[in-house]
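Peer 1: So TrEMBL lists these for the protein:
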TRANSMEM  B:12-33  transmembrane segment
TRANSMEM  B:85-101  transmembrane segment
TRANSMEM  B:107-128  transmembrane segment
TRANSMEM  B:140-158  transmembrane segment
TRANSMEM  B:193-211  transmembrane segment
TRANSMEM  B:240-258  transmembrane segment
TRANSMEM  B:295-315  transmembrane segment
TRANSMEM  B:321-343  transmembrane segment
Amino acid sequence: MENDIVQMKNITKIFGSYKANDNISLKLKKGEILALLGENGAGKSTLMGMLSGLLKPTSGEIIINGKPAKMENPREAKALGIGMVHQHFMLIPAFSVLENIILGDEPLKAGRIDYKKAAKDIEFLAGKYHLEIDLNAKVSDITVGMQQRVEIMKALYRKANVFIFDEPTAALTPQEISQLMKITHALSEEGKSIIFITHKLKEIKEVADRCVVIRMGKVIDSVRVAETKEAALAEMMVGHKVNFAIDKKEVNQEKDIFKIEKLSVEAHGQLKIKNLDLTVHSGEIVGVAGVDGNGQSELIEAVTGLRKCKTGTIMLNGKKIQHQSARKIAEAGISCIPEDRQNVGLILPLTISENLVLKSYYKKPISNKGFLNYKKINEDGRRMIKQFDIRSQSEKELVGDLSGGNQQKVVVAREISAQPDLLIAANPTRGVDIGAIEYIHEKIMEQRNAGHGVLLVSFELEEILKLSDRVVVMHEGQIVGEIDPRDTSSEELGMLMAGKQQAEEMGEIS
Amino acid sequence: MLHSRSLKGLAVPLISIAAGFIIGAILMLMFGYDPIQNYQNLFIGSLGDIYSLGETLRNMTPLILTALGFAVSSKAGFFNIGGPGQYLMGWFGAIVFALNFPNLPTVLLIIGSLVCGALLGGIWSLIAGFLRAYFGTSEVITTIMLNYIALYFINFAVKNWLASKGSDSSPNIVKKASLNTEFLQKLTNNSTFNWGFFIALITVFVIWIYFNKTRSGFEVRSVGLNEVASLYAGVNVKRTIVVAMLVSGLLAGLGGAIDGLGNFQNISVSNNLPSVGFNGMAVALLAAENPIGIIFAALLFSALQIGGLSISVYSNTPSEIVDIVIASIIFFVGIKYVFEAALAKNWRKKQRKTPDGGMDK
Amino acid sequence: MSLSTILMTVFSTTLIYAAPLIFTALGGTFSERSGVVNVGLEGMMIVGAFSSTVFNLSFGNVFGAGTPWISLLIGGFFGLLFSLLHAVATVTYRADHIISGTVLNLMAPALCVFLTRIFYNGKGQTPVIDQSMGNFTFPGLANIPFIGKILFTRTSLIAYLAIFVGGASWFFLYRTNIGLRLRSVGENPAAADTLGINVAKYRYIGVLISGALGGVGGAVMAQSITLNFSASTISGQGFMSLAAMIFGKWNPMGATGAAIFFGLAQSLPIIGGYIPILSHVDSVWFQIAPYAITIIVLVIFLGKAVAPAADGRNYIKGK
């Protein structure tokens, strides 16, 4: 009992009529690394929001260092030694690293900020915990990995004893991940306690001592990691046996549907795509793996006509499509499920049926001499709601009122019903519930099985390996390797993603 | 669902109006004026007889049009504060046309003047739209700047080109160019009520159709609600922005042109921007940019302004009290979140009492 | 007229017209650095101009020559009070910043002319103040050859003070912890919140400083240029200050510089007559110049990238 640094007792949190956390209890020892495992929406972030003072529990008690803690705001949580490293970094891009770290706890000298003293203190901590950071750089100019180290340093600078890492590996390269693991162990060895929020089983095995599994707002179990198998953890997380296999039909994959040759694309004055070649055949799903920010978004934007190509050709069914408008490209037969459905894929304050015609409203029979036929729009809407199993009140319901999974179904319905020759899917299942994930995967497979091409861009390696017929790896705007998903492990894929050329690796192996 | 939404939509403006009048009353009490007597005078002075009614309807005409103009740009996601400048340009354009072609047949003269005014207003707003679409320049700033450029330019033009030496006003337009006919004068006891009012009503209807039934209106709404998603869906966003700002300026310009032909019959040098441009914004905000709602909001504000004149005639209460009421109303519209939150709470309470009436959201 | 006299006239007229703009543009900078867009500067100036004029008229015989200076503080105080409306609406009640700013611009002239009529027998304008801000010759400095005459003789003391406030504002925003925090809530309020920084508090500070400085700006206008208050005392200076703030890239030093430039542009119609080349140019072009230049500068030199990242966005906790 003595060395329980954090105790959360019977915590319940209700938002409106929705119970995000239901009677959750949790303990954390000094120096312990505790994994908090659960799916998106299971209630992990809500729970940690309360521990870090951002949210107040509806009922229940938080005890820190043996004393009941009333945490009304983040400042009080911080004073009790709780440090949160958010999934979406809480940094100010326009400020320097140093300013970001000291913000809110600035050392003063004669009324002004004592930047020298601050830098000295931080450099000492950085040496102790092997956190490599550049204090004078602007946050907008540093890598994602360094941004994370800045977040960790922010907590260290505030003398945190308990670190909450919220999905810390989501945007990191495998190398950066292993560096993070080292830092995590170093913190634990210095007696700091860590809560590691994740839904990735492998990371838990690698780093955690103990694992608490949460599902639908309730604690399912608390287990010692060393004694538990990954499959068992997965089952606890999801609530049923997880089936990793998917049905792949043999289809004719001879025809080149889509071909990119020597494509270069610029963004913000930098060359983001360099001389890239890529082909998608009929009946084929080509997975594009890679760490976020290596040119995937620019590739999609270039293909869909949202960004200018500097050089090179993009061909669909043998016809050049680059330098055409987004609308012309869509008409030529390319559909796209964008990564960010709420801001890019949908217009939330419009109705479901309006969103469903977002790419076809200007064509007959919906548009006639500049006027829209709303009767037809709503009829089509009703039909597609049925066909794609979109759970909603009516076709006139606003898309913003739907759940994440159903919103994504609206996007999928619109894009697939355009009967594209090439479907681009960018992280199509990010942030949707398990049921919808399976449904969306099925729909993507259907496209393939019908002999169309699919380009799947995803940061989830599992998803890529599961669906793709062929996987290419993007690094710094280039394709650095191609693998067969049937006989490649995610480790190998990880090496490629980190920029290791396939050729060198081959050389090392042979 | 839809029913309760439209009810809620009405609740905010109604509460705001009531609160605005209460603020006005409190202020009058503080300085020893009789709010009830004043509000009564205000009502009689604006709607009490056929003459006042004519004045109120005439005064709401440009309000409707500048409000519609603001609403169109706002639906496209832009804050067009350029109403005053566009209105001025419209007024100027109509007078210039009418003065230069006095021998045209009546119908052509009037249509020509109105079109010329609307176009000048449209071009003025188009500049801001173009800069926004192609250079990303904030339309809030450019329209403010364009307001003052219009003001000083028109002052200069009136003085140097239109007015006779030493005068600050242009000559009057020929009688047949006026929208204020003898028939309407007789009907409304010699008020300034003119045909412009009906043009404004027709325009409201056209704009309603535009937003709700046309392809271009759908594009404007889409771009306004989510520019990125519209771009991704293949909408030509830049063209849509330009179109929306053009339409917006056309409307405000038409408002100025109608006022020029129907109300003023000439144009004068002015020290300040015309308040009708800003009041049009207020009207649109109160109406939540709904074209039909704009008619009612414009009626209210117009009645306040016309009635305000008689406040200071029948008592020594400064007529500015009505402007304070108007500003207060918009303040309350601005903080509508407070009322919406309160209403939502109330609504949830009722829901809990009748569990069957609930929905899964 | 000698060159030095012409330069002295140009310089002092520029400063006289720049002073209200500098204060107000600095005000705008504070508000927008904290994340609250402020198109209501015009309204804040009107309140400052009105309250300072009333004070000056009421207490001119008590405080004598010091009256206009005390009036500035009064203008600042009432500007601050008035800006509370903007702060409450935007920070506490999540109003759209531009709507709320517009309310300020609608409310200020209505309220101030209303009160003017009550205080001054139903007239829409106040009498002219007796104690106004005259020009000032720096003792000692004025004796420096050439430069002394141009810069320090019969010039605007308040403008020098304004420039000093510009420097102080820069120090405050970029060297003190309060400044760092104020800027942080304008860049990323969610991040600031996680560090225990009270977003609402710093936004209130930003808006209230803006109200105070805007009020001072309006007061300077009334105490040194128009010398009374009416509906047209402030006619566009608030918007021009907003432009100066943007022109100056939301930086106090930049805003000060831009305001001086606009002061020069505003003074051109007045001094144009003294300068041989300019005397034939019609004054309308000088009137239009600052506005047109602002648009051109915006188009050529800046898109929208340099504004504080969360400028105009309400912060809703937990979202």
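Quick reminder: no glycine exception, Cβ is built from N, Cα and C everywhere.
Note: TrEMBL annotation is automatic and uncurated.
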Peer 1: For the transmembrane segment (B:107-128) and the transmembrane segment (B:321-343), check the count of CB pairs under 8 Å (sequence separation 6 or more) and say whether it reaches 3 or more.
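Peer 2: Counting Cβ pairs under 8 Å (6 or more apart in sequence), the transmembrane segment (B:107-128) does not reach the transmembrane segment (B:321-343), since there are fewer than 3.
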Peer 1: Would the transmembrane segment (B:85-101) and the transmembrane segment (B:321-343) count as touching if the test is at least 3 Cβ pairs under 8 Å, pairs 6 or more apart?
Peer 2: no
Peer 1: Take a look at B:140-158, B:193-211, B:240-258, B:295-315, B:321-343 and tell me which one has the most Cβ pairs under 8 Å to the transmembrane segment (B:12-33).
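Peer 2: Looking at each of B:140-158, B:193-211, B:240-258, B:295-315, B:321-343 in turn, the most contacts to the transmembrane segment (B:12-33) are made by B:321-343.
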Peer 1: Quickly jot the same-chain residues contacting the transmembrane segment (B:321-343) by Cβ under 8 Å, restricted to those at least six beyond its ends, or write none.
Peer 2: 8, 11-13, 15-17, 19-21, 23-24, 27-28, 33, 38, 42, 279, 282, 285-286, 301, 304-305, 307-308, 311
